[in-house]
Amino acid sequence: MKTLTPSVEIFFFPYVGGGHQIPMIDAARMFASHGASSTILATPSTTPLFQKCITRDQKFGLPISIHTLSADVPQSDISVGPFLDTSALLEPLRQLLLQRRPHCIVVDMFHRWSGDVVYELGIPRTLFNGIGCFALCVQENLRHVAFKSVSTDSEPFLVPNIPDRIEMTMSQLPPFLRNPSGIPERWRGMKQLEEKSFGTLINSFYDLEPAYADLIKSKWGNKAWIVGPVSFCNRSKEDKTERGKPPTIDEQNCLNWLNSKKPSSVLYASFGSLARLPPEQLKEIAYGLEASEQSFIWVVGNILHNPSENKENGSGNWLPEGFEQRMKETGKGLVLRGWAPQLLILEHAAIKGFMTHCGWNSTLEGVSAGVPMITWPLTAEQFSNEKLITEVLKTGVQVGNREWWPWNAEWKGLVGREKVEVAVRKLMVESVEADEMRRRAKDIAGKAARAVEEGGTSYADVEALIQELQARTCANQG
């Protein structure tokens, strides 16, 4: 690739958590591939996590770099997720913006304190929201609903003012939607950040949720650029393996195991980087997977232990006795602990289905790989994503969880092994319904790939934002 001459300078300021950090790094790389000078604002702790892929991009001539802010956020604090206070980065950010004055800064929604300093310096600020058009529309239309007609948390209600007939329950909603009058200050801060922004970058693509993309673009007071799936910037095996952080599993062992399986024969199960399932839920998943008699690869991340228990993932009684040995002997299953190269796994020819927590990154990665899903939402906007997958796109089946899980709270809503087995069989065993889900999933995957190519809708939106920033620069200079 020849060296690109930068057209505009854009700063990308990701949040420290993996689920928010990874897609914004991908977005920065995507904009760099369009000729925008992209600078990623990182901390001493986060810079090493993506230094290798940025160095590779630089060798290919892309105008991309990392600026490490002088302050840091302690890694031990990242476990509190979206509630982590990152305002220690405010002064280093202010000094950098005074020195460099980029044409635009893309800010993660969780840096809710950043709005004032960017606004004060007159730099256009674009919000990176991290969820899709459908979920944004659901949230916006539920934000001012009092739910007066609902008598219990389990009673269904119709989501108003959206193109599809979608029912939800109070138990599937985060607290700030259940009780809009009691919105915490942090959520109000994020809403204010959105309202004062120049526009919003959305990691999705038009053909995935066209009615909702149109709704956002026509009704939002600010501008929206739909630029995904940004994960397509990861072309090489190295990019996919090292995305986010180095895998903590034996990558080659994982790929060798998958290579030994027939095409379209394996279920991939993973619940993301932050979800912490308790041992009793892990056991039910294990029993359900075994009873389904389907081949699977299961990545177990963090475990929600009682305070008195050993907290090492490799210890404790969190799998049925003899389970892993039986899976090894029969060749039916592979259990992995820690961080796995999800893009590589999902794109492998052996993968037939994906059991997922419906985080937006995982949802888009499953969509892009053309893999139908078993949906197991836990928190955030994941129940809305489940509705998109199973009721709008019709490319998945629900496992049956009905309880929204408050962050770091006691686990609720245990899903039994029978429901796990039924969902796995429904997705993995050949049937007219399963075949139709796979056909739709493959069709959508093709549209995802075309969206980021020249002539695609996401490609056009990236170009449109760059051109708008160029026009603003010319107007200011004139």
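Using the three backbone atoms N, Cα and C, a Cβ is placed for every residue, glycine included.
Long-range C-beta contacts of H20 (anthocyanidin binding site), restricted to its own chain and to partners at least six residues apart, with a cutoff below 8 Å, comprise P14, D108, F110, F128, G130. The annotation anthocyanidin binding site is assigned in Swiss-Prot to H20, A380 on the grounds of similarity to another entry.
Under DSSP, H20 (anthocyanidin binding site) is assigned to a helix (H, G or I) in the three-state scheme. Taken from Swiss-Prot, the feature active site, proton acceptor applies to H20.
Annotation source Swiss-Prot lists active site, charge relay at D108. Take the CB of D108 (active site, charge relay) and look out to 10 A: across all protein chains shown you find 25 other CB atoms.
The UDP-alpha-D-glucose binding site annotation in Swiss-Prot covers A340, Q342, H357, W360, N361, S362, E365, E381, Q382 and rests on similarity to another entry. In sequence order, S270, F271, G272, A275, W376, P377, L378, Q382 are the residues near H357 (UDP-alpha-D-glucose binding site), counting only same-chain partners six or more apart with C-beta under 8 A.
Cα-Cα distance from A380 (anthocyanidin binding site) to N361 (UDP-alpha-D-glucose binding site): 13 Å (rounded to the nearest whole number). The secondary structure of H357 (UDP-alpha-D-glucose binding site), as reduced to three states from DSSP, is coil rather than helix or strand. Reduced to three states, the DSSP call for A380 (anthocyanidin binding site) is coil. Of all Cβ atoms in the shown protein chains, 23 besides its own fall within 10 Å of the Cβ of E365 (UDP-alpha-D-glucose binding site).
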